[in-house]
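Some features that TrEMBL has for this protein:
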- 1-18: signal peptide (SIGNAL)
- 28-246: domain 'Lipid-binding serum glycoprotein N-terminal' (DOMAIN)
- 149-188: disulfide bond (DISULFID)
- 261-487: domain 'Lipid-binding serum glycoprotein C-terminal' (DOMAIN)
């Protein structure tokens with residue numbers, strides 16, 4: 001028994017680690033970001049409350065009979081509202097002392113007097129308290145999983161006109177009390193539909209698992225429910241790329257977990273080395289990290305140098321001396337990303353095979369060499385797309401004073417100095433003979449290969465934000481093992497515009513049943 005308990009204690013650390021997977025991507029929304037959401041959300045709530053459908057109200061009191069129909073909200077005043085974080089998984093939306101103006105149609109019968117017309121009414125002291133629970137669904141998408149709502153109306157007034165105005169005012173208690181009850185009963189169902197249906201349709205626009213290009217895809221599924229404090233909301237995404245030929249493949253995450261401490265901007269997005277490593281491994285497994293140059297695609301100066309370097313070998317192939325050259329650069333292992341406070345770099349190992357390609361004859365290999373390069377990486381945002389541009393030139397930026405250069409553009413990650421070397425796979429002597437090729441081949445990489453690679457990654461990968469929301473004033477900051485993008489937000493499209501775009505079309509039956517019935521003008525119907 002004691003041995004079993006000791007074994008359990010030894011296994012506990014590994015069980016805890018297994019249950020808490022490190023995210024490749026993390027997003028923090030601050031209270032400043034929530035304030036922006038509140039402004040747009042308030043407009044959305046106003047639009048929803050203006051569409052409230054109130055059932056017809058009819059009844060009688062002695063000889064007085066009434067029918068109230070076609071109730072419409074004509075104005076809303078939601079001056080006092082607030083949206084706050086509530087630990088652990090909730091958002092609280094509170095509206096105080098609001099007012100709602102209404103207009104509805106009246107049909108009144110008092111003894112032998114029958115009257116129809118309209119009534120203007122106002123509901124004052126409206127209080128709405130809603131709590132939204134956020135959670136991840138089975139697909140790993142952020143959803144509003146539950147909502148609680150409480151609505152009350154402190155006072156309601158109705159203004160009457162016409163020949164029976166004094167009678168209406170005397171009997172208005174029955175009408176106003178009924179309308180107050182019906183209106184308060186419709187506020188929460190309207191907001192519940194807006195949250196659980198309409199706002200969730202907006203969250204459906206956040207990319208979860210989609211293709212980046214014809215070779216790889218990205219998995220942005222949530223690892224766990226959101227974590228909410230009094231000032232921030234944090235989301236942990238898997239942030240893992242996968243080859244499209246092996247979509248079920250999982251890459252273990254051993255990278256440093258991003259830690260976001262800043263709160264000055266509206267939103268922060270952090271990416272660990274795992275995020276970038278999984279992308280490069282997926283491209284490697286897809287077999288696309290190979291580039292071939294042949295004939296006229298080989299720069300002329302480099303061709304002359306290569307022919308001079310391998311003159312002896314080529315001379316022995318007298319019938320094929322003028323045959324075109326072929327260079328095949330093939331990455332030999334998945335590249336690795338290294339993120340430091342001083343900058344971001346990518347380490348690459350590759351094989352370079354140089355051959356003659358005589359017409360109608362098998363290729364003749366002149367040399368096979370290994371290459372090692374440490375490329376500087378510039379990470380930046382373009383719209384909502386995260387892009388990486390690689391470079392092999394020897395320039396860079398470090399903290400002020402280290403290199404005597406100015407800081408980089410704030411939306412770009414720092415550079416690291418590049419490193420490049422080639423050596424023979426055959427012998428140290430041949431490696432020495434290849435030394436003269438190092439500078440020309442580095443130039444080849446910079447002028448020919450790097451543009452091809454950067455063109456392939458030009459599109460970038462989208463950051464998981466809802467449609468209609470964009471970044472502004474981005475700042476990229478490097479840390480040990482991860483980088484963060486701090487930014488403010490703005491709505492390029494309103495919530496209503498995006499929701500209407502994805503709103504499901506109602507069926508004919510559902511549409512007809514939701515329409516209020518036309519009131520009867522026949523006094524006998526009362």
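Heads up, the Cβ atoms here are built off N, Cα and C, so glycines get one too.
Every protein chain considered, the tally of other Cβ atoms within 10 Å of the Cβ of residue 188 (disulfide bond) stands at 17. Computed over the domain 'Lipid-binding serum glycoprotein C-terminal' (261-487), the whole-number mean pLDDT of the model equals 77. Sequence-distant contacts of residue 149 (disulfide bond), defined as residues of its own chain at least six apart whose C-beta falls under 8 angstroms from its C-beta, comprise 128, 129, 130, 131, 187, 188, 191, 192.
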